[in-house]
Structure formats: C-alpha cells, structure tokens
Amino acid sequence: MIRILGEGKGSNLLEDVKEKLEEIVKKEIGDVHVNVILVSEDEIKELNQQFRSHDQPTDVLTFLLMEEDVYGEIYVCPMIVEENAKEFSNTFEKELLEVVIHGILHLAGYDHEFEDRKSKEMFEKQKKYVEEVWGEWRSDPSEDSGPGKR
C-alpha cells in the first residue's frame with residue numbers, strides 16, 4: 001500500500017497512479033506499506049544534510065524503515081523535480097514518476113552508486129516502469145487525467 005503525504009504540485013498525479021505504483025511495490029518488495037512524502041526545498045535540504053552530509057536540496061531521498069506499519073519512506077521535493085524536468089527536457093509529471101519509481105527500487109534493494117550490474121538493472125527497470133505508468137496515465141479517458149490536467 002502507498003500513502004501519499006503532503007500537498008501541492010504532483011499530489012494529484014500520484015493519487016491518479018497510486019494503484020499502478022502499488023503494483024510495482026508489490027512486485028519488487030512484497031505486500032508492504034510505503035509513504036511518499038512531498039516536501040519543500042528547505043525540508044529536503046535538511047534531510048539531505050542530516051542523513052547524507054550533503055548541504056544542498058535534492059529531488060528524492062529514500063529511507064528503509066522496515067517497521068511493522070511502514071516499510072519505507074520516499075521524500076520528494078516537487079520544486080527540484082520541476083527544475084530537473086526542465087534541465088532534462090522532460091515534463092514535470094514524467095520526471096515525478098521517475099523519482100518515485102527510483103525510490104521504490106531503492107527500497108527494493110537496488111543501488112546505483114557502487115554496483116555496475118545492479119545499477120544497470122535498476123535503471124532498466126525504472127525506465128520500463130515509468131513507461132508503463134506514463135502510458136497508462138496518458139491514455140486514461142477521464143477528464144481529470146493526462147498531461148496538462150494538473
């Protein structure tokens with residue numbers, strides 16, 4: 001199960017694709033609870049400093065908790081996601097899916113900093129899942145879904 005916490009840009013999209021994200025969590029990790037928390041630039045900078053000793057904001061941070069009620073948390077800063085989307089010529093919505101799915105894969109044990117084989121596998125899975133979720137979301141015929149509806 002995924003719980004979306006925080007409001008603002010991106011929360012509607014994440015609610016729209018929540019079931020699909022839950023399928024990815026179930027496939028990669030199992031039947032666990034994951035929180036996706038939307039935070040400000042200041043909040044993510046503080047978390048990045050506290051837990052990674054990086055004195056700058058980032059787009060996503062993932063914490064494996066393995067507690068009874070919450071397996072892990074994915075902190076996302078929509079402002080940084082938006083900056084990255086512009087830098088990579090991506091839409092905000094697709095970039096947001098990239099970072100949330102990236103976080104899910106970290107919770108599943110994938111790492112891209114040290115292991116080349118696992119890193120390649122992680123990014124291949126990330127690309128596959130993003131395309132699946134993006135394609136399904138864009139083809140949703142409801143009035144409230146699709147690019148530009150956020």
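In case you wondered, yes, glycine gets a Cβ from its N, Cα and C as well.
What you see is a predicted model, and the numbers here were worked out from it, not measured in a lab.
Among His54, His112, the residue that Swiss-Prot places alongside His102, His106 at the Zn(2+) binding site is His112. Apart from His102, His106, His112, the Zn(2+) site neighbourhood in this chain, defined by C-beta within 8 angstroms of the site C-beta centre, holds Thr62, Gly103, Leu105, Tyr110, Asp111, Met122, Gln126.
The DSSP secondary structure for His112 (Zn(2+) binding site) is coil. Local packing around the binding-site residues His102, His106, His112 was summarised as the count of other Cβ atoms within 10 Å of each Cβ; on this measure the leading residue is His102.
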